[in-house]
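Structure first, then comments.
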Amino acid sequence: MSPARRATIEFLLDNLVWLMLIVVLAVFSLTVPNYFQFGIFANIFEQSTFVGVMAIGLAIVIIAGNLDLSVESTAALSAMVTGMLFSSSGVGMGIAFEPAWLMPVVSLLIALAVGGIIGFINGFFVTRVGMSAFIVTLASFIWVRGLVVAISGGRSAQNLAPPIRIIGMEDILGVPLLAWISVGCFVIFAFVMAKTPFGRYITLVGGNQDATFRAGINSNRILWTSFVVAGVLAGLAGWLLAIRTSGATANLGVGMLFNAFAAVVIGGVSLKGGIGKLPGVYAGVLLLYSIHTAINLMGLPAHFTQMILGGLVLAAVLLDTFKLRLREKLL
Amino acid sequence: MKIVRRTFIGAAIAGLTLATSAYAQDKGTIYYMVPTLLDEFQTESVSAIENFMGQVGYKVATLNADNKTDVQQGQMDTAILTKPKAIILAAVDFNALAPYIEKAREAGVPVMIFDRQITSTVSDFTSVAGTVEIGHVAAGEIQRLLTEKNGSVKGKVLQVLGDPGDPYTLDIQKGFEEMMADYPDVEIITKPAMQWEASNAGSIVADQLLANPDIDLIFVHAAHLAVAAVASLESAGKKPGDVLLVSSNGAPVGLDLIRQGWEQVEVEQPLYAQAAALAMFADKVTNGEELVPGTYDVLGLKSELTIEDWGPDLKIPGAAITPENVDEARFWGNLQAPEGPIEPVQ
């Protein structure tokens, strides 16, 4: 095989998920009434924000060779804390202060801190106590959601303070600001993962932790940091979610973990660790929400929605598996 | 040292005596099987049932099924083994719990159905507003709102269900759609918000506003979904009243949306009355006495007890909450639990 052909095939296989996204968008645009319009594409960007930001953290932990099942509950806790502090109805305390521009900053820092603390706890048990990440984060998935119910009493916080809520209402070039925030996160973390020592260490630790340790890299610290980063990003997702829904309910974010996992896998991140790139994950998230949006617009009976969505996710993952086999065969 | 020991033993005996005497005054324990604690109606139902049952002498142990049928089935098995005075069941799945109701009754444990009606088997008492009836009330109000807006019952309605696996939302849908079937000029677009998750409802509303900009009214099956729907309306540049909004269950957030002008009607499930009725009939149910059909006054609501194929059934009328009556204390969404003792039915 000529080097040029090999490079072309490699490029196509590396970016297959983007190709899939384009095909899916084209098919839906041609077949689903009202799908092909700028507003719908802006909606897809906006709706993929929360799972997208969550998926970045999840992907980093998975590339580092672990799992984090707690991101959904962490986002819910961060949303509820934001809602309770800065909403004026329901269980909201209605905290407000001047200058108003400081409110989004303070609420964001609190949300990130909430996520960071959960990530820190997860990392501690995995790296210091030596417990399985699956068990530790599964426990966090349960107790953190329990904490959401406990602190809210199962009630909602509503009417988020306007200086914070405005972030969910503004747009730049017709695309909601929330979507730009998730795009920004992907750009920053894609750079971090590809161009910084931390990113390279994450990939190395995920590929072979023992070898990395022998090479003089503090692999435990890298792992622990990956959990904190995942927690902080889940906290950010929760903050954005609270802004989007103008508060928080006790079941906010339920089901997002599985969407985040689907996006990560569709995006080409290996669950065995050491393999994966964040741009692919973003394509995976966009692909998922393109499907969600198409289902929202199609005149399908309500009961079939989950079935169709599951089938399409399976098809996407099968295509990804096919891609890996093709790569082995051709390259 | 001896003094300390004696004081400790004395306190322990005194505590034990007090506890025993308190227990002696109790009529026993009743289990309340709550389907989930992730919504405000269910959370408040726990407080109301514990409060009202406490007033008539029963201790309530609440078990949360986290919206999982198998978990609730396991909880029923466990509860039956402890031989409680009765079980109050708000079923996650109406049909899947039927065999467990039969099992409890065979074991001599009466079963009272709360909020979510089960008609496929016999139970000892049912206290419901009726989910199908909630759909009927909503349909009546929606017909009125469409007439006020468009001159007759015509227009486009977006119906946002809860989770499509939950019979509760499907019953409301059934009731709503059977009442709307007489109006062919109303187009109903139905979409489910998976797992009753608010941001899913918000996404549906955002997408549909683009695909169907002429939507006249949005009907969501729970007030917490209405909050996300309003957020999407707001993001789309809509003002209160531009798109009519109707919701069900009467949660505090829904009442707030009515006060803000975003929502026009909230169909209430009369939570306090439903819970109070359980306490009113608890003695008769636990003693296996016959329930007499007729009209009963439950917290001021005239409620009809009938004997159906599935047992004694008390229907408490659900109310339409509008801007005119939203502040009335009788609505549970105002979180003012009724004062005054519950009187058991003689």
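A Cβ is built for glycine as well, from the same backbone N, Cα and C atoms used for every other residue.
Automatic prediction, not curation, is the source of TrEMBL annotations.
Noted in TrEMBL for the protein shown:
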- A:12-36: transmembrane segment (TRANSMEM)
- A:48-67: transmembrane segment (TRANSMEM)
- A:74-95: transmembrane segment (TRANSMEM)
- A:101-121: transmembrane segment (TRANSMEM)
- A:133-152: transmembrane segment (TRANSMEM)
- A:172-194: transmembrane segment (TRANSMEM)
- A:222-242: transmembrane segment (TRANSMEM)
- A:248-269: transmembrane segment (TRANSMEM)
- A:281-298: transmembrane segment (TRANSMEM)
- A:304-322: transmembrane segment (TRANSMEM)
Other parts of the chain folded back onto the transmembrane segment (A:133-152), taken as Cβ under 8 Å at six or more residues beyond its ends: 61, 66-70, 72-74, 76-77, 80-81, 84, 91, 118, 121-122, 125-126, 248, 250, 257
Interface-richest range of A:172-194, A:222-242, A:281-298 toward the transmembrane segment (A:12-36), CB pairs under 8 Å: A:281-298
Interface present between the transmembrane segment (A:74-95) and the transmembrane segment (A:172-194) (three or more C-beta pairs under 8 A): no
Positions on the same chain near the transmembrane segment (A:74-95), where near means CB under 8 A and six or more residues out: 50, 54, 103, 107, 110-112, 114-115, 118-119, 140, 144-145, 147-148, 151-153, 155-161, 164, 231, 234-239, 241-242, 245-248, 250-254, 256
Spatial neighbours of the transmembrane segment (A:48-67) far in sequence, C-beta under 8 Å, 6+ residues away: 75, 119, 126, 133-134, 137, 178-179, 181-182, 185-186, 189, 193, 202-203, 205-207, 209, 222-223, 226-227, 229-234, 236-237, 240-241, 244, 253, 256-257, 259-261, 263-264, 267, 269-276, 278, 281-282, 284-286, 288-289
